[in-house]
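As recorded in TrEMBL, the features of this protein are as follows:
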type     : residues  : note
TRANSMEM : B:43-62   : transmembrane segment
TRANSMEM : B:68-97   : transmembrane segment
TRANSMEM : B:109-127 : transmembrane segment
TRANSMEM : B:155-177 : transmembrane segment
TRANSMEM : B:217-236 : transmembrane segment
TRANSMEM : B:256-278 : transmembrane segment
TRANSMEM : B:298-319 : transmembrane segment
TRANSMEM : B:339-357 : transmembrane segment
TRANSMEM : B:364-385 : transmembrane segment
TRANSMEM : B:405-427 : transmembrane segment
Amino acid sequence: MAAKYTKGIAGIWLEEAQILKATRKVRESGFTKFEAISAYPIHGMEEAAGIKRSWIPYVAFTMGLAGLAGGLALTYWTSAVNWAVNVGGKPFFSLPAFVPIMFELTILLSALSSVGALFYACGIPRMDPPVIDPDLSCHKFAIFIPHNDNGYDEAKIESMFKELGATEVKKTEY
Amino acid sequence: MMKRSPLVLGNKTLKDVTDDICAPVERFPSKGWVGMFLGAKTLLLFYIGILASVVGVGIGLLGVNSPVFWGTMIVTFVFWIGIGHAGTLISAVLFLFRQKWRTSVARTAEAMTVFAVMTAGLFPLLHTGRPWLDYWLFPYPNQRGPLWVNFRSPLLWDVFAVSTYATVSMVFWYIGLVPDFATIKDRAKNKLRRTVYGALSLGWRGTAKNWSHYEMVYLLLAGLSTPLVLSVHTIVSFDFAVSNLPGWHTTIFPPYFVAGAIFSGFAMVVTLMTLVRIGFPEFKNYVTLDHMEVMNKIIMTTGMLVGYAYASEFFIAWYSGNQYERFVFINRAFGPYGWSYWIMVSCNTIFPQLFWFRRFRRSIPVMFVVSILVNIGMWFERFVITVTSLHRDFLPSSWGMYAWSWFDTGVLVGSFGMFLTLFLLYLRLFPAVSIAEVKPVLHVGYDDKGGHH
């Protein structure tokens, strides 16, 4: 996937509590396109960054239903329409016997489509995205504000980051 | 408020966690690992040889014959599928119940699931005797007229259940690994490592939006895997329960099989975790004695569940008034295969009772021995169900014995070679504890100043 990266400015923090506070502040300052980066999911981050609840469950539910209907259609059409064979006097449309197939296909489609949706939502897979700091996947935290965000002003952002306890401020692309 | 004991010992910082868990992946393998790997690999090569003979000559090499048409292949298939269940249980069910202790063991348990299901999956395919025609098991449009698979057969439900289970557990495991691959990539010192782990991490960036979606998908997969894991062994039990054979035709089979699967799976997790703790001492801070103790409690509980099932089968055999049913169960305990029944009963219901005592629950040598006994017992449980029900049926004229050959032994022992080879490779190449999941629970059990409660 060809990826486009934007230039911007990033601040780096060392404490979980500080990054939460900083994220809240950045959001209150009117920025909307910023990214908060961490090595693990942080409790309370969604609220601080103003992230809406993920839409992936809708995909999972819809595709689960599709799997269920697909399982019913497959078993019904093959066993009762296309190749109706009398197996021990059982009805051609033996619904209880088809339940396991329908169930498994529900789970399969739902699970695979939610992973597909995750890939779409996160823009992965992509090769070698820019790394602001290799320690961000270990013990450091960062906020990245892209140059095209509302009221982008490098000097102001830098001083805001410093005020919020950032140990480092970098001009970078992400 | 109840005091909690720490989930991770040693007052670790975030960086310590990454360093500790990445260490086995980044350093040169120890002599112990190489020794075990060569042993496992030799066993795998032997297994490949055995399977090649069985495929080349035919399954007549195994002891299956009239009247015992299901033998080692099916027994060992059910055994390995059962082993897989603890992994999904730890990673999915305990996740839904917000059991934070699962984070330290979930990754390895899931790896165990994936490898156990891979090992198991081969057996039914080879048991068909003509594995090159196994694609007939799948419903696909074909040139033989409107010829479809029989969806009313439990054997076909099994195809769907096992392949769905294999796919979903692999995806669940991999999704959990993605952020940790990104961590290893960022620490990589050479280009090859950076490229390989970079590709495996799919370009994961760890932004708050990514994590938000990621956590939702993880929850969804856990929610979907939970009924899935129950369905898989239920459907495996249908392979038996839906037939009319005394000893198989039992309504207790689905819950009994699921309980047995969890029982044997947890025993295998304990066996492997004791070995991992010995091989990689840094993991002792993550997989603590508290973790092992909780798993031993689960082994004891599910051990009593299967014990209850054994008793209840006997009771129903008597209470049903069905003479064939009664005969099968008396024959099972006191007939020619009585020895296997008593191995099963003693390994599965007696030895796990040791875990009533805290001292044994927390003793590594005791739990190691008991977990192995449980696995032996659970293999024999499947042997008892399959072989003893088949060798004596309605007509004495059709009675016979299972002609166990050394190929049966080879298949059974060799399958451990495959499983262990995969597992040992996993321990060296993948982070064996979930880095991203352990970090948020680091503070559990510590007060603000970093001391224990």
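Every residue, even glycine, has its Cβ placed from backbone N, Cα and C.
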Check your understanding: Which sequence positions outside the transmembrane segment (B:109-127), separated from its termini by at least 6 residues, show Cβ-Cβ distances below 8 Å to it?
Key -> 51, 54-55, 59, 70, 73-74, 76-81, 83-88, 90-91, 134, 158, 162-163, 165-166, 169-170, 172-173, 176, 265, 268-269, 272, 415, 418-419, 422-423, 426, 430, 432
Point to revise | Of B:217-236, B:298-319, B:364-385, B:405-427, whichever stretch has the most CB pairs under 8 A to the transmembrane segment (B:43-62) | key: B:405-427
Exercise for review: For the transmembrane segment (B:405-427), name the stretch out of B:68-97, B:217-236, B:256-278, B:298-319, B:339-357 with the most CB-CB pairs under 8 Å.
Suggested key: B:68-97
Exercise for review: For the transmembrane segment (B:68-97), name the stretch out of B:256-278, B:298-319, B:364-385 with the most CB-CB pairs under 8 Å.
Suggested key: B:256-278
Point to revise | Chain residues in Cβ proximity to the transmembrane segment (B:256-278) (below 8 Å; excluding those fewer than six residues from its ends, i.e. six or more beyond) | key: 78-79, 81-87, 89-90, 105, 108-109, 112-113, 116, 230, 233-234, 236-237, 250, 284, 287, 291-292, 295-296, 298-299, 302-303, 305-306, 309, 313, 348, 364, 367-368, 370-372, 374-375, 378, 381, 423, 427, 432
Review point. Going along the chain, which residues at least six beyond the ends of the transmembrane segment (B:339-357) come within the CB cut-off of under 8 Å?
Key: 263, 296-297, 299-300, 303-304, 306-307, 310, 332-333, 366-367, 370, 373-374, 376-378, 380-381, 383-384, 387-388
